[in-house]
Amino acid sequence: MATEESASVMDDYEMLISTTDVELLKRAWRNEKAAPEILQFESSLVQRIKEQIELAEQNEEIFEANNIEPLTVSLYQMDLDRTQFLLRSYLRVRLQKIEKYLFYVLKTDEYLNRLSKQEQMFARRCTDDLGSHLDETVLAKLPDNYRSILKQSITSEEDDMVPAPRLDTFVICKANQYLSGLDFEPDYSMEITEMERDLLTFVCYKFVKKPLENGKIDLV
């Protein structure tokens with residue numbers, strides 16, 4: 001009876017831990033690492049992965065209690081560890097980008113809407129803490145015209161102290177299908193007018209921003 005229960009648990013887990021989700025997470029992680037800007041948060045995928053991890057952790061006790069073959073348990077644990085690593089790394093890369101472009105993200109609705117609710121809370125908390133720290137240690141000691149966190153002086157027309165993502169960075173990408181000129185970013189002059197499937201291409205990120213968002217290319 002115990003063996004049947006363990007087998008049933010393993011079958012349920014294998015159905016839930018689909019290769020598709022692991023590969024999708026790996027793809028999201030690679031794209032996030034390579035892109036110069038923060039991408040759309042993969043909320044549905046992350047939720048599914050979290051559920052899979054929770055199920056795997058619950059099943060470990062069942063496997064131990066029913067003396068499942070050590071090799072099977074070891075492979076199961078390796079798969080769990082790999083999934084946890086990918087998820088943590090994906091979230092960590094996003095937090096690093098938020099910290100790097102903190103003020104720009106918060107003042108730009110397009111970027112702010114790409115964050116999860118937890119990431120938005122993190123960004124706002126960081127901004128408040130950093131603003132308070134700078135006010136107390138630096139800005140309060142400067143002349144009134146130079147006390148802005150966002151501008152070099154009160155005469156600046158733009159927020160020239162806020163770093164923005166460099167969309168003109170060059171990246172390596174691979175098309176998931178044949179792409180023609182209509183698939184690329186409009187009103188952006190490039191010599192490349194098409195991309196063959198699975199062919200690695202070194203190109204300006206801004207040029208492939210649109211097909212990346214549409215899932216037609218992957219960054220490498």
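Yeah, the Cβs are placed from backbone N, Cα and C, and that goes for glycine too.
TrEMBL annotations: computationally assigned, not manually curated.
Since this is a predicted model, take the numbers as computed values, not measurements.
Residues annotated as coiled coil in TrEMBL: 39-66. Annotation source TrEMBL lists domain 'GINS subunit' at 56-128. Residues annotated as domain 'DNA replication complex GINS protein SLD5 C-terminal' in TrEMBL: 165-220.
Mean pLDDT for the coiled coil (39-66) in this predicted model: 85.
Across the domain 'GINS subunit' (56-128), DSSP helix (H, G, I), strand (E, B) and coil residues number 63 helix, 0 strand, 10 coil. In terms of DSSP secondary structure, the domain 'DNA replication complex GINS protein SLD5 C-terminal' (165-220) contains 12 helix, 17 strand, 27 coil.
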